[in-house]
Amino acid sequence: MSSATRPIKPKKNIVRRWVIFIALALLYIWALSGVPVEGFKETAGQISKAIVSGIFSPDWDYVYLPEGEDLLRGLLDTLAIAILGTFISAFLCIPFAFWAANNMSKIKANAGIGKFFLSFVRTFPELVMALLFIKMVGPGSFAGVLALGLHSIGMLGKLFSEEVENIDFGPSEALKATGARPLQTLWFAVFPQVLPGFISYTLYRFEINLRSASVLGIIGAGGIGTPLIFAMQSRDWSRVGIILLGIIVMVTIVDIISGYLRKKIV
Amino acid sequence: MIEFKNVSKVYPNGTQGLKNINVKIEKGEFVVIVGLSGAGKSTFLRSINRLHEITSGEIAIDGKSITKAKGKDLRIARRDIGMIFQNFNLVKRSTVIRNVLSGRVGYHSTLRTVLGLFPKEDVNLALNALDRVNIVEKAYTRSDQLSGGQQQRVSIARALAQEAKIILADEPVASLDPLTTKQVMDDLQKINQDLGITTVVNLHFIDIARQYATRIIGLQAGEVVFDGPVEEATDERFSEIYGRPLETREDEEVEVGESAHESSK
Amino acid sequence: MNQVNEQKIPKAPSKWKHYFTFILILLLLWGSAYQTDSTFKELIEGFPNMFSVLDQMIPPNWAYFDNIIGAMLDTIRMAVLGTTIGAVIAIPFAIFSASNMIKSTWVYYPVRFLLNLVRTIPELLLAAIFVAIFGLGPLPGIFALGIFSTGIIAKLTYEAIEGIDKGPLESMTAVGANKIQWIMFSVVPQVAAYYVSYVLYSFEINVRAAAILGLVGAGGIGEYYDRTLGFLEYDKVSTIIIFTLLVVLIIDYISTKLRENLL
């Protein structure tokens, strides 16, 4: 083959590749430079062994204790925090969702402000919110409920507003033409269109909130996290084992039920 | 009776939607508005129940000005006017009966309708309306499970349940096939004749207009260029006005895209 | 109007299902409120506290920035390394979970089960366990983030692998490629962009997670929440919060732009 007809490998791609490669290399040099190398405690092996054996021989007695403060009550508390927190946010985020939807107001900046507000709430970690609520209403489940309720507005509001942006305005026009009041138009023409999406997203958020609720107790905001952190501090690994097992089972069951309901709604 | 007095409409971008229109439609008439795409048919129809605002002049219904009506008066005026849309505008996820009952909400308080507490008479009215368009057996079916023609009949039932004195239909058959077109137009005609409801329909096709109308109004660039009984609406007359004959049903394939374009304005 | 023909009217569906659902939801909420001692009374009683805390948070103590920049950089480092570990481990997991890569249900179901299991454990719990093993510092945080992101990246990637075009797979089989060649030439080109996008997505999540891991002693900016809240220094708390939000928003923005360019 003559070299003239041969296509030349494009130079631009090669340069781009090198730029990416060097950037990544620098990033990792920087990242690794900050990690303490001396790292491991000598006891690490011993403790891991204790943890593993603890997890595989869970403290079954802890599942139910007649005098209270047992696994079942802890899990129930966690579930209750997640349910209430999710409901509060699903309710409170509706006005924000309409605020942040592009098709609900004539001024574009208005929806932009709403979207910014929601992303602000979304980035505010729920654990930090919980810490602040503990200062306000005292330690316990209620602080956890408030933290989840407020934090979830960010994500639910965003998902809900996307649902609102997809509505068909035809039915609203038809309702308006029959002489309906604005609220009636909203209820009969807009709500039936967005409700299935709202419910589905709320269930999805509930799955996430259940996971969050199981760690809230670590900082004192109620739920199963509190006995877990106590068990860890007292190195009661078989109790840690049963609590972990309890969380995994509960989360899995809730995921399955919620997934089934979400499939049925759509 | 619907009366247009010197009605004009100029869009914000300067386009003349309607130009000095003076028209009187008597009770019980079956009027068909024809014209090319963009002639102002949809604007004409929607200004009657004020889904579109006019910029000057006045529209009166049974002697009462709808142009000046505000708030409650406007809602009560709209309650007496049923409207049928090209895309049916049903709430697809709701049942048929709920869609028909939504025509009754103007009669009741917000709280009562939101709780779904429609009186027994309203439910009977809705079922009667569905029976009149031969679709009562679908009352509790979800609307998105119906065919296009069936959905349009549900929206006619909604206008009937409203106990409207006037029915406005904006391109009611533009998204339907010829067979269902006939059924829907027959329904509209029957309602007009049996109940004496004044009916104003926008149509693209001159042949269907001639078949059903008692009177035809032709629009061009927002102006009334023809207004008379069906017998006078001959092909020759329209060719003279528009410079070419108006479309008939056979041209449908070409026209669906254009009419969708018009209604989206 | 004439009477409706009674026989034609279908029976209205029973409304009991709706009532039942409604009552069930009310009961769930009431039970949850009871269980968590949530009352309006307590909320209203907490209001004065709320305002006093907010009042002390404003204005933030800007001078505190200098003290926490190092911890913030640590947080980002932890997220970078944790994500990398997760991204590497996720590859074999993703391949072994995809039903079009491994035909045997005896392989991909257990692997998927393991992935689901990993995703049920919150990263903060993993971090607490690793702190018990390795002691305080960023190392347990990095491992926790690594395992946590393995779950996310592997799941998203195996779904992408299952969605790929079959044609190239068959043609590679037809030219007689071995298993590794088969994956390199028919699978990798099709899912590489998705994989990188999921890694970036998981990085966004990990930055947020890394910011709170310090609460259990696993390094990063989170340690400073404990320190400042303990001394009721709310003006410093708000500085940390604002700084974290800023970093998260910037990283989200960059990552989103990169992902848009990829797909």
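In case you wondered, yes, glycine gets a Cβ from its N, Cα and C as well.
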Exercise. Among A:105-125, A:210-230, indicate the range for which TrEMBL gives the feature transmembrane segment.
Key: A:210-230
Quiz prompt | Candidate ranges A:14-31, A:210-230, A:242-261 - greatest C-beta contact count to the transmembrane segment (A:79-101) (under 8 angstroms) | solution = A:210-230
Practice problem: Determine which residues of the chain contact the transmembrane segment (A:210-230) at the Cβ level, with the cut-off under 8 Å and only residues 6 or more beyond its ends counted. | Solution: 69, 71, 74-75, 77-79, 81-82, 85, 126-127, 130-131, 133-134, 139-145, 147-148, 239-240, 243-244, 246-247, 250-251, 254
